[in-house]
Structures are given as C-alpha cells and as structure tokens.
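Here's the structure we're looking at; comments come further down.
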Amino acid sequence: MTGTELLAGASPSVQALAVIGVVLLEAIALYVGYGAVEETVGSAVLDRLANGR
Amino acid sequence: MIGSLVPTELLGLGPELFGLFVVFGFMVGVFFGFFGMGGSFLVTPALLILGYPAPVAIGSSMTFVFGTAAIATMKHHDAGQVDYKLGALMFVGITLGIELGSRLVFGLEVLGIANVVVGVAYVLLLAAIGVLFTRSALDAEDDAEGDDDADDGEDPDDEVPAIARTIQSYEIPPMTTLADGSRASLWTISGVGGGVGLVSGFLGVGGGFVRMPAIYYVIGTSLAAAVGTSLFGGLMSGAVGAFTYGRAGVIDLGIVTALLVGSALGARIGSSATAYVDEEDVTIYFGLMLLVASAAVGIGELSAWLSMPVLDRLSFLLLIGSALLVCAVILYHGALAVRRTRGVPGSTRRGE
C-alpha cells in the first residue's frame, strides 16, 4: 500500500500530503494511546519487576 | 472458522511480515529512547536486504523517521527543550539537501546502481559510527578506571563547547539570535541544515546522529536544546523526505505503520530505562551491533553480486539478531536495575 490509494486521482503532491497527514495522525494516536497505557499499568509493571513476581 | 477471522493482509502486508516490522520497530524504538538516536539507519538496510527497491526502502524509512520524530518532539516540547526558531531556520538548508540527495538516488536508480551505491555508503557509515561508539565506550572504561574527580560542579547540559564558541566568534552576516541568547550566522545554520539534509535524502536516515552533534558543536547550543532541536529537525527532514518520495508513490504505508506501532512502545520503554541503566554499560554493545550491521549490509551486497540467496538470509539474520541482542541487553540491565533500586528500600533512581 503506497498511500496513493488514499486519494486516487489526486495530484502527486496532494497524495504525498495525505500520506504525511495519515502518519502524523498515527503518531499522535500512538503517543496518546501508549501514554494512557503507561499511566495505567506502568507503576504496577515496575513493582512486579522489582518484586520478581 | 477461526482462520476466516484472521486477516490475510494488514495494509498490504501479510500478518507475519507486519509482525516482523512491529518487532523490528520496537527494537529501533528502544535504541531511540535509550541512546537518543532514531536507529532509522537500521531500517533502510533491513528493507534493502528484504529486497525492497532503494527508493521504496528510503522513502518508507524517511516517513517512519517523520512519525518517530513527531512523537519524540511532542515529549521534548513538554520539557521546553526545542528551539523552534533555529529549527525553522535550518529548514531551508534541510529541504535543499534532501532534494539534492533524493535526486542523486533517483539518478542512480536510472543507471541501475542505486542499491549498490546506497548499500556501500551504508557499510561505510555504519562501520564509522560503530567504531566511534566502541572507541568511546572503551575510552569511558579507561577514564572510569583513572581519576574520579573530573566533576567540576558545572552541569554539562548547559555548556556550549569551546569549538562552537570559536565558530560563533566569526560574525559572518546575517547573524541571528538563538533562543538561549547566543548568536549564530545564518550561513552556519544553513550549511549544517544542507549537509544533514543531503545525508538524510541520500540514505533515508533521520540524520540525528549527524544533526545533534552538528547543532551542538557547530551552531553552539546547550546539549538539551541540541537534542530537542535535532528531533524537531528530524521531524522536518522526515516530512520533506516523505513528501519528496510520497510524490513518487514509493512509500509503503504498511511498513511505516507497523514500524511506528512497535517503535512508539519501544521508545517509551527505552527512555524509561535511561533512568535506571548506566548508558556506559551498554554503549559498547551498541557499537558492536553497528559493526555487525555494517558487515550484514556488506554480505547483502555480496549476495546480490554473487547471486547467492543464502548470503541474503545470513545478512538478514545478522542484522536482526544483533539488534535483538542489544535490545535484550538493555531490557535485561533495565530489569536488573529496577529490582536493585525499587526492590531495596531507601535506594534511588539514577540521576535523582
């Protein structure tokens, strides 16, 4: 999947901008998503590691 | 029944290949979080070894750099460590450099020698950085065995190196004032941007391992600002590279997405590990991994030259195996250090 399918028929520049937009959205979603996971389970994971259980 | 629920393709990749890229992205993310460098210089050679054409490998790698740098810049922005004015001024040089680098790649592709030239450049680059890291780790060990009274009370993060002060003393107009109040020539800033952009566009790397030292030693900022601004520069190089290669329709979104899913998690774990693990304990492994990666890319080139697919497999195993080993070393040292510091009452984390 090259990203050109996102806006088939659009000019190459618009298709390239669409790819950048999709990757930026993915990056923000991953930053927020993993941040929430870290907040929720990070401390518990470190405690388990520390106690060797 | 269950088989029908398992997707046959994820964004154009088979589940096994998608999973492989997630794992590889995780390893790259751990390096990025721990060492402060993208590790993206491992992505392009891995894609080349897997048989992707050079423009696809470089374009996808640069788009991955853009995504990773965006995540890292968000973190450093929160800590106030990004000089956006300097980053914006470097943008022109970076753009021109990337354009030149990508034209070189497409020109070499027309001649049919892009993969060979990029591969050889990678062998040399990885070997050079590998030697630098290994030597610096060995020198640090020697220093540690010598005197322990090197601490002069100054915070190294706030220091501007002497060579940068000398360069700043040559006032070649137009001059500009940086966020920390120091002054630098626009020619120096554009030169650094152009040089880094050329390397990025030609090799498909973020160029952090060149850009961060260049900002610190040539333009002259504090180390913390150099790291934050370098990441912002990586975001811009990645965006320009993604746009340039995206226009040619050679970016594989499946590869980029899978790598990002892994690297965003790996970077969080790697960056948390820096609070517990002494970097000097693992730097030598990182240096050796880069030397093995250099050999792996060299073997990959030999495989194409001699038409021996077995060498291709060996090359891929060496690249993934060495990265996996160093990643495991960081996580192992991290787990041990967590046990030592959190398991013992009254102990503190590194740097606290």
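One is the number of the first residue shown, and numbering goes on along the chain from there.
Backbone N, Cα and C define each Cβ position, glycine as well.
As annotated by TrEMBL, transmembrane segment applies to B:17-35 (among others).
Residues or ranges marked as transmembrane segment in TrEMBL: B:47-74 (among others).
Outside the transmembrane segment (B:86-106), and at least 6 residues removed from its termini, the chain residues within Cβ reach (under 8 Å) are 54-55, 58, 114, 118, 176, 178-179, 184, 186, 189-203, 215, 219, 221, 229, 232-233, 236-237, 240-241, 244-245, 248. Positions annotated as transmembrane segment by TrEMBL: B:86-106 (among others).
Per TrEMBL, transmembrane segment is recorded for B:113-133 (among others).
Residues 41, 44, 58, 62, 65, 86, 89-102, 104-105, 118, 121-122, 125, 167-168, 170-176, 178, 210-211, 214-215, 218-220, 233, 237, 240-241, 244 of the same chain lie 6+ residues outside the transmembrane segment (B:184-203) yet bring a C-beta within less than 8 angstroms of a C-beta in it. Per TrEMBL, the feature transmembrane segment maps to B:184-203 (among others).
According to TrEMBL, the transmembrane segment annotation covers B:215-236 (among others).
Annotation comment: TrEMBL describes B:248-270 (among others) as transmembrane segment. Listed as Cβ neighbours of the transmembrane segment (B:248-270) (distance under 8 Å, sequence separation of 6 or more from its ends, same chain) are residues 10-13, 18-19, 21-35, 43, 47, 52-53, 55-56, 59-60, 63-64, 67-68, 71-72, 106, 242, 327, 330-331, 334.
Beyond its flanks by at least six residues, the transmembrane segment (B:282-308) meets 31, 34-35, 42, 45, 48-49, 115-116, 119-120, 122-127, 129-138, 140, 314-316, 318-319, 322-323, 325-326, 329-330, 333 of its own chain at Cβ-Cβ distances under 8 Å. The transmembrane segment annotation in TrEMBL covers B:282-308 (among others).
Taken from TrEMBL, the feature transmembrane segment covers B:314-332 (among others).
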Segment proximity, the transmembrane segment (B:113-133) to the transmembrane segment (B:17-35), 3 or more C-beta pairs under 8 Å: no
